[in-house]
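S.K.: According to TrEMBL, the record shows the following:
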type     : residues : note
DOMAIN   : 2-218    : domain 'Glutamine amidotransferase type-2'
ACT_SITE : CYS2     : active site, nucleophile
DOMAIN   : 285-426  : domain 'SIS'
DOMAIN   : 459-600  : domain 'SIS'
ACT_SITE : LYS605   : active site, for Fru-6P isomerization activity
Amino acid sequence: MCGIVGAIAGRDVVPVLVEGLKRLEYRGYDSSGIAVLNGVEVRRVRRIGRVAEMEAAALEKGVAGQLGIGHTRWATHGGVTEANAHPHISQGVSLVHNGIIENHEEQRERLRGLGYVFESQTDTEVIAHLIHHHLSHGSADVLAALQAAVKELTGAYALAVISAAEPERLVVARMGCPLLVGLGEGENFVASDVSAIIQATRRVIFLEEGDTAELTRDGVQVFGEDNAPVQREQHLSDVSLASLELGPYRHFMQKEIHEQPRALADTIDAVINAGSFDASLFGANAEAVLSGITGIKILACGTSYYAGSTAKYWIESIAGLPCDVEIASEYRYRQAFADPRHLVVTISQSGETLDTMEALKYAKSLGHTHTLSICNVQESAIPRASELVCYTRAGAEIGVASTKAFTTQLAALFQLTVVLGKLHGKVNAEQEVDYLEQLRQLPGSVQHALNLEPQIAAWAERFATKANALFLGRGLHYPIALEGALKLKEITYIHAEAYPAGELKHGPLALVDEAMPVVVIAPNDSLLEKVKSNMQEVRARGGELFVFADQDSNFSASEGVHVIRTPRNVGVLSPIVHTIPVQMLAYHAALARGTDVDKPRNLAKSVTVE
Ligand code: AGP
């Protein structure tokens, strides 16, 4: 969704802003803009569409300067127009904003009464006028005006502000939306996401809720919610430039699918090296917390929710603990029952999904005290708000359709399951060794599944012409069917649904005819015979079956039944291996249909709005 970048330097900052905005493109946006201060004049360029168009316009106008802010906008308040794009300006005060101001209507009326004229329909313009109002009514400088203005706002914001009258400072504020400061030599930066400034510096400070900060060329001062100076810890970001670049691949999604053996190996590295599943994986205090809990509640959205849905099967059968999984946006608005002895596990690739964050806050407000976050982005909002943390080590995921983040979430959840199983006396030493061995073999099995790409690409050609598809799975593989259908929907725009195969006869079977491809995830497990019967139900109605079986499954292709064999059954970790083919099916079908694989229409990478 929206992205922020800002810089104050001894050089022209326009290339820094443009490169930063390009690196934020993956989050999803519909317009972009920059405002740059050169002497006492603010030059602003905004465009609908790609950052490249805005960059060309900035070049043509010769915009340059040593202080500037930039933004990619995802429309919420007001349509996709140049007038609604950021930065917004109020008489020399320029600002970019991520988040949503809830009391913007009330503030707009008030500011109109004070003579301000609005040029956009955004909630953001209110903040620009409010800061200007404070500047002209007693605030000593733009920092003081920003600090006064944010006290009058309700809602969520990350803000970066420059003032034409103060060319020596860039001021910022954070509440409810991520914002970090990048520390350079004689130059400093601000961004909503570390990827936007990683080309300039790795040294970062993550601002906390309620913080404001002032950046000059030579230093950064952070202030807490009470406006008193505070020290915030410096971190060295581990995001690599290579993970943000395409390399030899056509799309980030393709790159990220192929990175999975490495991403999984990195995520399980600590367990493999230690030769045991230790609670300390989840934090110093994890052993005490995890031994004392009596159940698990998982909260997540989208693909992360499907990771949680898979984990439910593991946690109940291996760790012997009750586990329920809930879509975060549903949970946060219902009168839920809270058992404080249950551990709340949030799963989020980005760590900033608003619904998941709000669900976590709601769970705490209901009395949950033990929380664990499984996340791929260091120091993002959700892990910071959690008692225990497990970072997946997938590396930056740029494609909107989540791939390596999902399989690494599954690996982390499996590790959590075995740790819980040990602590609750359900996994003995022999079983632990066995799980360790299964985990050790996982990256290799995933690589083996990746080698099926040519066969899957051939199937995908046939899917590309279809209007609908059904995905079936049972047990542990039902969430993988859901994930397969979601991947296909997201990037090909083919309508796809997933069902537990046993549910077919209770309704969805009515959809099946010759035009309906039915993808079946049919590993060689205890449910295979049941799945085979469900496949017969489809065949009998003329439906065409595309079956992902295991190498050691005992069945073969026939008229209307196409079979691709993944490696031999890998036991409880089979859902991870069976995810690879459905990802590749969606990817190749999207290629055949010519859709925008990495930036599918209407979707954003980080969903920071409701
Ligand atoms: C996955 O392909 C999606 N883009 C989406 O469902 C995503 O998983 C969901 O928005 C949750 O995101 P998170 O993991 O960053 O919280």
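The backbone N, Cα and C atoms fix where each Cβ goes, glycine too.
Those TrEMBL annotations? Automatic predictions, nothing curated.
Here the structure is a predicted model, which means the values were calculated and not measured.
Describe the structural surroundings of these features, if you would.
M.R.: CYS2 (active site, nucleophile) falls within neither a helix nor a strand when secondary structure is assigned with DSSP, and so counts as coil.
In terms of DSSP helix, strand and coil, the domain 'SIS' (285-426) has 65 helix, 27 strand, 50 coil.
For the recorded site, LYS605 (active site, for Fru-6P isomerization activity), the DSSP three-state label reads coil. For LYS605 (active site, for Fru-6P isomerization activity), the same-chain residues that are 6 or more apart in sequence and have a Cβ closer than 8 Å to its Cβ are MET1, TYR26, ARG27, GLY28, SER350, GLU397, ILE398, VAL400.
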S.K.: Per DSSP, what is the residue count of the domain 'SIS' (459-600) in each of helix, strand and coil?
M.R.: 69 helix, 32 strand, 41 coil
S.K.: Across all chains shown, how many C-beta atoms besides its own are within 10 angstroms of the C-beta of CYS2 (active site, nucleophile)?
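M.R.: A 10 Å sphere around the Cβ of CYS2 (active site, nucleophile) contains 29 other Cβ atoms.
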